[in-house]
Amino acid sequence: MSHTRLLFLSFVIVVAGSAQADLVNKNVETVVDISSQLAKISNKVTVENVGKTTLKSLIFGVPAHLKERTSFVTAKVGEHLLRVTETKLSGQDGGFWKVDLRSDLAAGRTLQLNIDLVLSRALVPHPGQITQKEKQLVLFEGNVYFYSPYLTEKQSLTVNLGTNSVESYARIQPVSQSDNKLNYGPYEKVPPFQEERLNIHYENNSPFLTITRLERLIEVSHWGNIAVEETVDIEHQGATLKGSFSRYEYQRESQSGISSVKSFRTALPASAVDVYYRDDIGNISTSHMRVLSDSVELELRPRFPLFGGWKTHYTLGYNVPSYEYLFNQGDVFVLKMRLMDHVFDDMYIEHLITKIILPEGCHSIELTAPYAVERLKDTLHHTYLDTKGRPVISVSKRQLVENHIDDFELRYNFAKVLMIQEPLLVITAFFALFVLVIIYVRLDFSISEEEEHSRVDREHKDK
Amino acid sequence: MVTSAALYHLMWMINITIDIRNVCVFLAPFFSSLTTIVTYLLTKELKDSAAGLVAAAMIAIVPGYISRSVAGSYDNEGIAIFCMLLTYYMWIKAVKTGKIFWSALAALAYFYMVSSWGGYVFLINLIPMHVFTLMVTGRFGARVYVAYCTLYCLGTILAMQISFVGFQPVQSSEHMLALGVFGLCQLHCFVDYLRGHLSASDFQVLFKATIVATGTILAVITGILTITGKVSPWTGRFYSLLDPSYAKNHIPIIASVSEHQPTSWSSFYFDLQLLVFLFPAGLYFCFRQLTDANIFLILYGVTSIYFAGVMVRLMLVLAPVMCILGGIAMSGMLNRYMKDVDASPVILGMPAGNLAQGKQGDKRSKHKQESNFVMKSEIATLFVAIMCFFLISYTMHCTWVTSEAYSSPSIVLSARSHDNSRIIFDDFREAYYWLRMNTPEDARVMSWWDYGYQITAMANRTILVDNNTWNNTHISRVGQAMASSEDKAYAIMRELDVNYVLVIFGGLTGYSSDDINKFLWMVRIGGSTDRGAHIKEWDYYTPQGEFRVDKEGSPTLLNCLMYKMCYYRFGQVYTEGGRPPGYDRVRGAEIGNKDFELDVLEEAYTSEHWLVRIYKVKDLPNRGL
């Protein structure tokens, strides 16, 4: 305990004397939702500035074993999003984030924040292999306490399991189970960086689908259309299927293969038309489309049900009108679209690549992403009626969840005169062809006269 | 395949970013449209442009050819027919003009043909036969000599570049006719040359001596070569062409393919309709005006109709010549009667007109007898009307056949449910895609050879045997595995290093061309080699000689691997109301062996409607277990 304290003191000295120790978490209410394949942690934190100086920022974190699994972090005051940047604390191996407060926190004042985290891959199937009959059990290893560099005066924790069949859970008193919830706490006077494993072993049959790779291709046409195509690799990363797959049992018993995934729903923009759903060997005939008022809902059924460890791959494409996403003033255009879109609820994407194909002749391209992404090298794409190729902007990012669905902004210059380049190209090509034919028909290219005679002779004979 | 790749690259070069799959899908229709043009040109060479137009119109819709050229039928035959007709066109041109240019082009077209289809053998026998017939009929001359020698030399050298052909053009007996005729050409020319320089009596002596000498030498050489094995004996496929019953008795694998069955009369009519009747008429028109080119057409027609009778598949070769002859007949007949129809309104409508009188007078002077016919124009009108009716009915028939028989994909099945809505069985792709995504990339799949190509293309997995049935014994081995009991089959599967086994089962949906119905062929083919001598067809029949899957069926059948794989756990399934569980809807019987477990296999995947069932071959059990 004193050891931690010492470390903490040393940290205070290191980090720019911002008097972090002056903060105290007066009350933390944590809700952990582990009913889907993701662990969604939302903390309602009330902080108090017990020091003497005004504060501009505060820090929170996750223990080391959850650091790699944290996909998404957000902090809000009321409805206002705060800027969150990743940071490091010396001597600590957990993951930390710094929150910039909108308004300064004066001495003695309190502030209520909502800090939300989404952990992916935090639920591990245990056992890792099940037969078709068995249900899927998963193990969650979280942290009981709110992981913070400050003293927490009072904390309570609610775990939402989504089921009432729990094998075991961490007995850190006081704790109680009610229906499909676990209530921990309240705990008082929790020291900084307090770790205590929150181990819960329970049944979770929700779809454990991971999108191992999503390639989103946005092709912009200035003639009024934007084509979107998503190539998706999906793997069921829950407990893998052990032994044989019996179609008989799967069809007869509803409990058989309960953790497998038959279908999922994808929401497309409301203006999406010409939707196609196919894979390497053609159209997948098992899908339904419903046009709702605010979106187009697709029920996608892979060719086969996905059991643990099974993979599939498909391509989904559609067109949207460009007036909803493409804006211009003179020759300056701005494309505002989603960097990634919804594939299914509670999805987890391991690797996203978004490519934007702009019309030929665009230049001075600037990309503003909603969060940090890796910008890949620009390339050129050649397709119908292109001469020098279309610029392609590609970005890549790993570990994404639904909360990452957000718009990017792409600003570029395009001279509108270039629009008529392609029609002109076609006209010229046909004109050249006709001229050639005219020349060929009108002129006689034969070298000797004889040929002509013999042909005429033969024609006479034929008659 | 090279063609589609070339087209693909060409398209990409001009920035038409078309998918290679789309190139493949549209390759056959593209080539069949080229075929239509070539048919026109060929018929124009043989007869006139009117006949060419009719023939081209006919070949455009003839079901016999459409069956191979619908979009998506990516097969060699699609290109091959075009190449064949192109070669014929060049050949006829060469024979007519006697120019090396045309005959070299013919050689190039022939080379394309060789590279695309094994059926080039027909071509390389037909052209020499034509030359030979010309010789016999005394029409042989310098033009034919130049045409044939150029074609043969160039064509053979080019053909030998194809690895599949290799040295066959000079070794195998299928090509001997071409070689023989080539030799004969030289002799014939030489003889002609000598005849010009010697006196008649000297020539007679020399002629006889030469014939005897060459005959003996040829016989000796052929004998030696055949004995030493340089000249390969005739292949089975060729024998089955000459003797329809040969395959059935000797090579079950050839007989098992429905395409290789002898053609029934109804299928002639189904695929050709009107052309069946126009064919003799076309021959008549050809005989009436015999030329070098027409002789070729007659030969082509007669030989191909024989071959098409032997094998359903060769209907494809017959269809173009049927169209050409049909076109000639139709245009010939219409030409004749159309004139009279034309004249009638002039006579009837303007009795006092100068024009009519002039025409009548003209006719009277030229064709005195013709004008004596009564009701000439009425008969002509009637005749033309009947012909029109025939042509229209031909069009209707072709459209109907194409839409009914040749347009639905064989990989996606559809059926009507009780409330008349359409049900789609997409099980094949479902299972193949499962294989593609969820098995190790180096997995080996054993299945009957019919599905070989599909699995290779759609599942992207290694298969043991495929539709290219060159490895007879291997297929037989797979047949043996399917027909054996589990233990024996396991030994064979270990030997073949199989990971997955795939069977097609239609008992639940009523899909009749499944593996149980093909099973007798597996038994026959399996038993046709030495290693499968223990498999006897009669063991799989009941004592009464029936093939039954119910309790009455033979125990060998009820315990063989194929039976077990198809009916695993099927005994518990209710397929039809009012029937016991395990009722097979194809065979119309309750299966005989219901409760059994598989020892060496485990069910890996079964598609939604049970059409495709995939089993995983278990590893050897650990010792002591």
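First residue shown is number 1, and so on along the chain.
Using the three backbone atoms N, Cα and C, a Cβ is placed for every residue, glycine included.
Per TrEMBL, these features apply:
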{"type": "DOMAIN", "residues": "B:6-325", "note": "domain 'Oligosaccharyl transferase STT3 N-terminal'"}
{"type": "DOMAIN", "residues": "B:435-503", "note": "domain 'AglB-like core'"}
{"type": "TRANSMEM", "residues": "B:20-43", "note": "transmembrane segment"}
{"type": "TRANSMEM", "residues": "B:49-66", "note": "transmembrane segment"}
{"type": "TRANSMEM", "residues": "B:78-94", "note": "transmembrane segment"}
{"type": "TRANSMEM", "residues": "B:100-123", "note": "transmembrane segment"}
{"type": "TRANSMEM", "residues": "B:144-164", "note": "transmembrane segment"}
{"type": "TRANSMEM", "residues": "B:176-194", "note": "transmembrane segment"}
{"type": "TRANSMEM", "residues": "B:206-227", "note": "transmembrane segment"}
{"type": "TRANSMEM", "residues": "B:268-287", "note": "transmembrane segment"}
{"type": "TRANSMEM", "residues": "B:294-311", "note": "transmembrane segment"}
{"type": "TRANSMEM", "residues": "B:317-334", "note": "transmembrane segment"}
{"type": "TRANSMEM", "residues": "B:373-394", "note": "transmembrane segment"}
Given the transmembrane segment (B:176-194), its same-chain partners at Cβ distance under 8 Å and 6+ residues beyond its ends are 124-125, 127-129, 131-132, 135, 140, 145, 148-149, 152, 156, 169-170, 203, 206-207, 210, 214, 231
Give residue numbers and ranges for long-range contacts of the transmembrane segment (B:268-287): same chain, 6 or more residues beyond its ends, CB-CB under 8 A. 47, 58, 62-64, 67, 294, 297-298, 301-302, 305, 308, 315, 318-319, 322-330, 332-333, 390-391, 393-394, 397-398, 401, 405
Where among B:78-94, B:144-164, B:206-227 do we find the most Cβ pairs under 8 Å to the transmembrane segment (B:100-123)? B:78-94
Could you tell me how many residues in the domain 'AglB-like core' (B:435-503) are helical, how many are strand and how many are coil under DSSP? 38 helix, 10 strand, 21 coil
Contact between the transmembrane segment (B:317-334) and the transmembrane segment (B:78-94) is defined here as three or more C-beta pairs under 8 Å separated by at least 6 residues; is that satisfied? yes
Is the transmembrane segment (B:317-334) packed against any residues at least 6 beyond its ends, judged by a Cβ distance under 8 Å, and which are they? 35, 39, 42-43, 46-48, 50-59, 62, 64-65, 81, 84-85, 119, 122, 271-272, 274-276, 278-279, 281-286, 297, 300-301, 304-305, 307-308, 383-384, 387, 391
Could you tell me what the rest of the chain brings near the transmembrane segment (B:144-164), counting residues at least six beyond its ends with Cβ under 8 Å? 91, 94-95, 98-100, 102-104, 106-108, 110-111, 114-115, 118, 120, 124, 127-128, 131, 134, 170, 178, 181-182, 185, 188-189, 292
For the transmembrane segment (B:206-227), could you work out the same-chain residues 6 or more beyond its ends whose Cβ comes under 8 Å from its Cβ atoms? 187, 191, 194, 198, 233
For the domain 'AglB-like core' (B:435-503), what is the mean per-residue pLDDT, to the nearest integer? 88
